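Student: Features from Swiss-Prot:
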- 92-102: compositional bias 'Polar residues' (COMPBIAS)
- C161-C187: disulfide bond (DISULFID)
- C165-C175: disulfide bond (DISULFID)
- C281-C369: disulfide bond (DISULFID)
- C313-C341: disulfide bond (DISULFID)
- C317-C329: disulfide bond (DISULFID)
- C378-C465: disulfide bond (DISULFID)
- C407-C436: disulfide bond (DISULFID)
- C411-C422: disulfide bond (DISULFID)
- 135-214: domain 'PAN 1' (DOMAIN)
- 378-465: domain 'PAN 3' (DOMAIN)
- N107: N-linked glycosylation site (CARBOHYD)
- N421: N-linked glycosylation site (CARBOHYD)
- N570: N-linked glycosylation site (CARBOHYD)
- 30-58: region 'Disordered' (REGION)
- 92-129: region 'Disordered' (REGION)
- 225-247: region 'Disordered' (REGION)
- 556-582: region 'Disordered' (REGION)
- 1-23: signal peptide (SIGNAL)
Amino acid sequence: MPSSHRLSATILIFLSLTYISSSSNLVEDITDKQDSSEDDDHLQTFPTPPPIGTTTASADSLFNRMNKILRKEEKQKSQNFQIFNEKDLVTNSNANPYFSTTRKPKNRSDSSQKARDPDPQNQVIAGIPDLSDPCFRRYENSIIVNAQPYERRSSTGLIHCKSHCLNSQIGVYSCRSFVYDNVNRVCDLFAHVGDQAPARLLKFQTRDYFEPTDIVHCLSMINGESSSSAPSSEDEDSPPSPPPSAPIVALATNTDKRDEHEEMTETIEDITVASPSSDSCPRGKQSTFLRTEGFELFSHDDQELVVGDVAECAKACIENKINGVALKCKSFDFLSSTSTCAFTSEAAVPVGNGQLKQREDASYHEKICVSKSFVESCPSTFFSRHPQMILVGFAESVSDSPSFEHCFDTCLNSYQLFGFNCTSGMYYFEENQLNCILNSENRNTQRELFTEENTDIVDYFEVECTTPRSKQSKRKMAGVRNFETDAIGADKMVTDHEDVEEDGSKWESWSECQDGKQTRRKICANFNQIEDCAEEVRDCVDEIDSTDMRMSIKRAGELENNDHEQIEDNNTDASEDPVPTKEEIAEVKQKIRRTGFKCPLNECCRVFLSCSYGLRHNSHTKQLEWCRRPCDPSLSSFKRSRLLR
């Protein structure tokens, strides 16, 4: 073979090997890229550099991709908690943000919801904390959900919230994190960090999440800063260690104002003048107690007293003097095993800042102020209270109450206001509307429907007397203002009052006679007290001769022959047309609950088979009223309610 041919063959072989090597590198590069695309988080191998003179996407795109992956890994490593969106949590502006279970419906517009949570895409919490404070890690606009704080402190500043967390490292609970509400100045302490399952962290405007860091070093620093802070600071109204003679007015929420204005302005002289026994309740009211069995107030024993009976404890707390020492008593614990009472100027959450602890031989008693007339008619000094319990299915009235005591007073005056006797109720502390629910039954009559409530902060209470209440011992027809209560087997709501009560309130003049009844209302001089707007009903009275006053309707079978009374002609008809029985009344009551009352306003409609009584929807009082003679039994046609159709 000529040398020229051998040289040409050698060159061809060399070029072929070079091409094969280049193709191999390209295949390896493509394979590596495919492997890396299958795993966005990590690159298993680095691609082989292309041969010199070959053009690709160049090193710039590869460099940018590598930086993107490294930034993603770094972000994941710095993320301290779980990321999720607002839609993962069912909550409202007035709701408890620490729970994610389904809540009661709220009267809340879409615009207010959007204002609260402006952009769903911005609900992801940033993972980088604020470390400007060496004692705490701060996560701005964040809250804890799926968890409940072990303690809530209201009307307190951020400095005191930090100090309390650092000081709460030993005991039943240890502060591991807290959430501070910058608007309402509420401090919620938690015994765990915010991302400890099942708890999670969520972005929430106006609230910040904190975790303590160097507790030992920061404790002295925080206490020193708190004690030396100027009076003009944000915490001027909440000193860390107030004297017992001037306790802080602790609120459960901004909706729970338990006589705040009265307690803030009341002086010792006013208390002394108002009551010889130094009762701190305002005029016209008297102290009584809500009792919680099986619990005591933890670490709040200002004074102790050995007694023979729990009534002695109540007397000492009402007088605000224990063992000769003045103490503005708000609650006390009674230990049955040692017959000892422990008094304190603090109350349990959500009204105060104290924490209840289970103890079998103890009972916790919290002071409240109720109408003096009710206390006098009901000798019982204690009323049952059950935190986080509710009675299901027997709500007769739902109303708005600014405080627990207002709701309790509403229950006491339920007959005058709503026409039924309230025996129990529930107050939802964190609701602004429809937060007071009154029941016609209680846990003793409906044990199977008495259950726990773990979503909202609520108190269940009962209004039961050891002896029947005067002129209200029997149950009235629920939901109906009973004008003719004698006819349905209950006592008549006719109480003779003078025009001026003991508390100084006055009554309007009696109305003109209508359907054999007269009404009058108490002058509403103070709209904060519900009893000021109470209503009374009585039989029509002849102003010329009061001796002619008598019951317009008498119980069936019990009509009396009285020679000193002039019997009207329609009484004869009433005796011939008997009054409804209890069974008939119960049946009508169930129909009203099931289908409502369908009758023209202010017209007396027939609801029973007899024509003795009917029902009327009074447009002025917004209540159902008993009325007489809805029909004439001698006529073949008459007006009747759709209840009978």
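Note: Cβ is positioned from N, Cα and C throughout, glycine not excepted.
Describe the structural context of these features.
Tutor: Classification of C187 (disulfide bond) by DSSP places it within a strand. Just so you know, the Cβ of C187 (disulfide bond) picks up 24 other Cβ atoms within 10 Å once every protein chain is counted.
Cβ environment of C165 (disulfide bond): C175, F178, L189, F210, P212 lie under 8 Å away, each six or more residues apart in the same chain.
According to its DSSP assignment, C281 (disulfide bond) is coil. The number of other CB atoms found within 10 A of the CB of C281 (disulfide bond), across every protein chain shown, is 23.
In the structure as shown, the Cβ atom of C313 (disulfide bond) sits within 10 Å of 24 other Cβ atoms.
Here C317 (disulfide bond) comes close to S287, F289, C329, S331, F332, F343, H365, K367: these same-chain residues lie at least six apart in sequence, with C-beta atoms under 8 angstroms from its C-beta.
According to DSSP, C378 (disulfide bond) sits in a coil region rather than a helix or strand. Neighbour density for C378 (disulfide bond): within 10 A of its CB lie 22 other CB atoms from the protein chains shown.
Mapped onto three states, the DSSP output places C407 (disulfide bond) in helix.
The number of other Cβ atoms within 10 Å of the Cβ belonging to C411 (disulfide bond), over all protein chains shown, comes to 26.
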Student: For C161 (disulfide bond), what residues in its own chain, 6 or more apart in sequence, show a Cβ-Cβ distance under 8 Å?
Tutor: R153, F178, Y180, C187
Student: If I take every residue in the domain 'PAN 1' (135-214) and average their pLDDT values, what number comes out?
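Tutor: The predicted confidence over the domain 'PAN 1' (135-214), as a mean pLDDT, is 88.
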Student: Of all the disulfide-bonded residues given, namely C281, C341, C422, which is spatially nearest to C378 (disulfide bond) at the Cα level?
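Tutor: Closest by Cα: C422.
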Student: Going by C-alpha distance, which of the recorded positions C281, C313, C369, N421, C422 is nearest to C436 (disulfide bond)?
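Tutor: Result: the closest of the recorded positions to C436 (disulfide bond) is C422.
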Student: Considering only the recorded positions C407, N421, C422, which residue has the minimal Cα-Cα separation from C369 (disulfide bond)?
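Tutor: So, spelling it out, the nearest of the recorded positions is C407.
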Student: What does DSSP give as the helix, strand and coil breakdown of the domain 'PAN 1' (135-214)?
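Tutor: Helix/strand/coil tally for the domain 'PAN 1' (135-214): 10 helix, 31 strand, 39 coil.
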Student: Which one is it: of the recorded positions C281, N421, C422, whose Cα lies the shortest distance from the Cα of C341 (disulfide bond)?
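Tutor: Considering only the listed recorded positions, the nearest one is C281.
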Student: Going by DSSP, is C422 (disulfide bond) sitting in a helix, a strand, or coil?
Tutor: coil
